[in-house]
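For 7, 8, 9, 10, 173, 174, 179, 184, the entry in TrEMBL reads ATP binding site. Sequence annotations record features per position, and here TrEMBL assigns substrate binding site to 47, 74. Feature annotation from TrEMBL assigns domain 'ACT' to 264-342, 344-403.
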Ligand code: ADP
Ligand code: ASP
Ligand code: MG
């Protein structure tokens, strides 16, 4: 008897019909003799709506109360799904994050799972019940509810799969799997049969929403067999594994776009030892993540340092730097949130010269200017104006994947 963890996203559980359909997928799996743990997201746009509700009451609510509020969405989904399964005559129980023993750190709204105490879940499975668990939430050592960051239900599912030594973790969503680019935005995007953990991790981190990046990190670490597939079509999905077969004739597997990014330029920074350390240690000490960094050679003992941060951190980062302008010594600061990062990812890039040139050619032909560039072994990212982002993804995709 195998143990299968199945996760269903917001669109998959959006209304009563969708919930009944999900209940059918779960009970069909159970009826084949498997033990099933299902992890559910909040219905449709519930989480966004809850955030709006909070803003109406208080423009600056405490993260603790936000966790309290946001975690309710998932609770509605699991109870309704359990009721649908009850109506079909199967044994079932729904559990919250704390009932499932999902213990996190104390970082509200972006908590990390520290440990899983799976006794309750295992006891329920031993009673041959289907177990339906709220995604996205856990409990911290103070006994407070925490949430795992937007899209975090994927991580709840993989964490449970790892802790329960599940045979398979299936992420059911609203597209057929992982594509060569967002299939909703890019014409000609193709479904991948397989992708490696490393490629998927980069892709998720670079803006492809289809999997929460921490879920991929965890799946790789604990060797969880992961699959992304549609709850709508029943088509075969995408398998995420340690080693994958190459995508035909292409050294890149996917193109991603991230609009949640902003650029900060510090102009006229003194060209002396320790300046970068001052800038980036200040940001790090305040938990602000820096992404692409560019530093010019400079002239007359001054240089410019340019870098990107998440858009949500821009105001805070700029404020901190302004407060330390004198000690860092820069002459002026420019910020720009009208940018987006477009990236190509692919393990096949290693040892394939010319990938960057091909990408730059696609952008040049389309008249799109590149602001910044960053590369690693298996990815190349460029920063472009936000208005150009969708076109940039399309032309890069056409360049690499045109038949
Ligand atoms: P869920 O609610 O099921 O968690 P999400 O909205 O979080 O679903 O993620 C699925 C969405 O991710 C798809 O609808 C699709 O628009 C988007 N997406 C972005 N990049 C990709 C990609 N490379 N492959 C598949 N989907 C992608
Ligand atoms: N409901 C949460 C969100 O919308 C978690 C998730 O869907 O994974 O971000
Ligand atoms: Mg999601």
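Glycine too: its Cβ is placed from the backbone N, Cα and C atoms.
Taken residue by residue with DSSP, residue 173 (ATP binding site) is part of a strand. Selection of the binding-site residues 7, 10, 47, 179 by a Cβ distance under 6 Å from ligand 2 yields, in sequence order, 10, 47. Among the binding-site residues 7, 74, 179, 184, the residues whose Cβ sits under 6 Å from any atom of ligand 1 are 179, 184. In sequence order, 175 constitute the residues six or more apart from residue 184 (ATP binding site) in its chain with CB-CB distances below 8 Å. For the domain 'ACT' (264-342), the DSSP counts in helix, strand and coil order read 28 helix, 32 strand, 19 coil. Each residue contributes its Cα atom, and for residue 47 (substrate binding site) and residue 7 (ATP binding site) those atoms are 17 Å apart. When the binding-site residues 74, 174 are scored by other C-beta atoms within 10 Å, 74 scores highest. Of all the binding-site residues listed here (8, 179), it is 179 whose C-beta has the fewest other C-beta atoms within 10 angstroms. Considering only the binding-site residues 7, 8, 10, 173, 179, the residues lying within 10 A of residue 74 (substrate binding site) on a C-alpha to C-alpha basis are 10. When the binding-site residues 8, 9, 10, 47, 174, 184 are checked against ligand 3, 9 have a Cβ within less than 6 Å of one of its atoms. Within 10 Å of the C-beta of residue 173 (ATP binding site) we count 24 further C-beta atoms, all protein chains included. All chains included, 24 other C-beta atoms sit within 10 angstroms of the C-beta of residue 9 (ATP binding site).
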